[in-house]
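Colleague: Okay, these came from TrEMBL:
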- 12-36: transmembrane segment (TRANSMEM)
- 20-221: domain 'Cytochrome b561' (DOMAIN)
- 56-76: transmembrane segment (TRANSMEM)
- 88-107: transmembrane segment (TRANSMEM)
- 127-149: transmembrane segment (TRANSMEM)
- 161-180: transmembrane segment (TRANSMEM)
- 200-220: transmembrane segment (TRANSMEM)
Amino acid sequence: AMDGAPPPSSPAGLSAFVAVSQLLGLTLLATTGAWLGRYRGGVAWHSPLQFNAHPLCMVLGMVFLQGDALLVYRVFRHEAKRSTKALHALLHGLALLIALVGIIAVFESHRSKGIPDMYSLHSWCGMATFVLYLLQWLLGCGFFLFPGASFSLRGWYKPQHVFFGITLFILSITSCLLGITEMLLFKLSDSYSHFVPEGILANTLGVLLVAFGLVVGYVLTWEEWKRPPLAEELALSMDFKTLTEGESPGG
């Protein structure tokens, strides 16, 4: 671009949808905090309230931060690819660390209260999602962030990485919805069907989770909003292919 030229603009509607996603994300975090603080006593480690760290960490890590990590390539459309990839991996890594804290919290809480582990559908889906998410992150770093993978291997794995990225985001929201329902049935029992305020607030949190997922999914799947490759990226990609595959740039 020539010096003094205006910076490239985002496609029509993209900024608005990203803003809506962030508003929904912050609202669902606030709603989670309000639910745990108002009706479940808050969050504290090494106490009877340790369990409450689990839903807070999972919503923050496996939903909000994971969703933002997926949006990185849409938001930073004109930044260097290397920087964008690093931010993408960093946000996913942070989400994993926060989710790990939430998993430790629930296991320690169960142990202190004598509650069995891993018997519910929520725990099965949640643990499977976390393990697959960790594997997805490790494979993504190995293929795209660190040098070594050939051009053809990266090209083959990229569609798998994109597919499983969206799939794991959906599974994360599904696991959260299962967890909210399970927690309400345990804590409220018969009063849940009487439209008590806690049940209504937790149901609202579930609706916000679905709304956040739908908006993020819409941004990710709208073809016109995909990140276009920069000119220097196309040149580097061709050079990389030449070096790793032994092909000529014009082949």
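Just so you know, the numbers here start at 1 and follow the chain as drawn.
Cβ coordinates are placed from backbone N, Cα and C, and glycine is handled just like the others.
Curation plays no part in TrEMBL annotations; they are all automatic predictions.
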Colleague: Could you please provide the mean pLDDT value for the domain 'Cytochrome b561' (20-221)?
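Modeller: The average pLDDT of the model in the domain 'Cytochrome b561' (20-221) works out to 96.
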Colleague: Out of 56-76, 161-180, 200-220, which stretch touches the transmembrane segment (88-107) the most, going by CB pairs under 8 Å?
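Modeller: Result: 56-76.
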Colleague: Below 8 angstroms Cβ to Cβ, which residues of this chain, lying six or more residues outside the transmembrane segment (161-180), approach it?
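Modeller: The answer is 54-55, 58-59, 62-63, 66-67, 70, 120-122, 125-126, 128-129, 132-133, 136, 139-140, 143-144, 202-203, 205-206, 209-210, 212-213, 216-217, 220-221.
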